[in-house]
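Taken from TrEMBL, the feature Zn(2+) 2 binding site applies to Cys155, Cys158, Cys181, Cys184. The feature domain 'CR-type' is assigned by TrEMBL to 125-207. TrEMBL lists 343-362 with the feature region 'Disordered'. Marked as zinc finger by TrEMBL: 125-207.
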Amino acid sequence: MNDYYTDLGVAREATPEEIKKAYRKKARQLHPDVNPGAEAEAEFKRVSQAYDVLGDPAKRASYDRGQDPYGGATGGFGQGFTFSDIMDAFFGGTAAGARGPRSRTQRGHDALIRLDIDLPTAAFGGEQTLQIDTAVVCSTCSGAGAQPGSGTRTCDVCSGRGEVQQVQRSFLGQVMTSRPCQACRGFGDVIEHPCFDCSGEGRVRTRRDLTLKVPGGVDTGTRIALQGEGEVGPYGGEPGDLYVEIQVEPHDVFTRRGDDLHCTLEVPMTAAALGATLPVETLDGPVEVDLRPGTQPGQTVPLAGKGISHLRGEGRGDLVVHLDVKVPTRLNDTQRDLLAQLAESRGESSPTGRMGAAGGVGRKHSLWDALRGR
Ligand SMILES: [Zn+2]
Ligand SMILES: [Zn+2]
């Protein structure tokens, strides 16, 4: 009696997966293209025979009880030996499990659309109506693909198996291979009268409106997933998902950085010197900002909680107001006299200025420029 376990190099308690793996490994090593010669070919036949027995649970069980389906003879293949696994091992064909007619029904594709929203919607969230074009189930045939009242008939080319077998000559003699039936595209049956509305695919494209709840805090690039709102699959297959990619339109006044907003506020020189209360527009409406006397150019006033909602967690970012102190450029005679008097009283009639490193001013500027540039 042949010792098939030794031929494959596996233990007697090896799992079916281990047996398959061991066989594939040996089959690759012994393939006549890799390893020519009568010896390798004989060895190849031996391990293939061993696999034919051990790879089949019923044959393996009877072999374990002492019955060898080959009756001790080596080299001759019995009836019903399938070569699918040999073909798999060499040609990377389909897994042995994927045989027989395939299902018409398939899951549909995911869909992606872009949605432009304005900054207030990004800040607070809101409902948006989307128009989407996707495949939906054909209402005429309810996804079956056949005209109402008609059906399918078994494919007469493959007799419903979905695959046709072919005999090929090989170094092992004649080998049976199978490939999907072209007449029925592997389905095993044929739709006799395809539905006119969907050309027999069971789905049609339509445009529909969808209401999307945009959460506060989204930013450009945020994707919102809507389960099952993508393309319906052929023949009533489960729909894919719809992804909505957010694009936030730039705002005239506010620049976003993370969940903070930034803006500039022009302040007259006199207001900066004397202090003032100025109105500021925010996304929440107007508020008032108090400037201390002696406010300097480039100073910022943070307005806590007036920025963008945090997408995850509570609360909101800030609105940072950058003060832009304006020096008057046109003065009438009275104003010039007043400023001259001010200069004199401050001992600044012949100013000398005070030298300092450029770092301070320059740094502030470049920070702000960087914010605006984003
Ligand atoms: Zn239809
Ligand atoms: Zn067929």
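In case you wondered, yes, glycine gets a Cβ from its N, Cα and C as well.
Heads up, TrEMBL stuff is auto-annotated, nobody curated it.
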Neighbourhood of Cys155 (Zn(2+) 2 binding site), C-beta criterion under 8 angstroms, separation at least six = Gly162, Cys181, Ala183, Cys184, Phe187, Gly188, Asp189, Val190
Pick out which of the binding-site residues Cys158, Cys184 has the most other Cβ atoms within 10 Å of its own Cβ.
-> Cys184
Would you list the other residues of this chain near Zn(2+) 2 - those whose C-beta lies within 8 angstroms of the C-beta centroid of Cys155, Cys158, Cys181, Cys184 - in sequence order?
-> Pro101, Asp156, Val157, Ser159, Gly160, Arg161, Gly162, Glu163, Val164, Gln182, Ala183, Arg185, Gly186, Phe187, Gly188, Asp189, Val190
Could you break down the residues of the domain 'CR-type' (125-207) into DSSP helix, strand and coil, giving a count for each?
-> 0 helix, 42 strand, 41 coil
Same-chain residues at least 6 beyond the ends of the region 'Disordered' (343-362) with a Cβ under 8 Å from one of its Cβ atoms are 298
Residues in the region 'Disordered' (343-362) grouped by DSSP into helix, strand and remaining coil = 7 helix, 0 strand, 13 coil
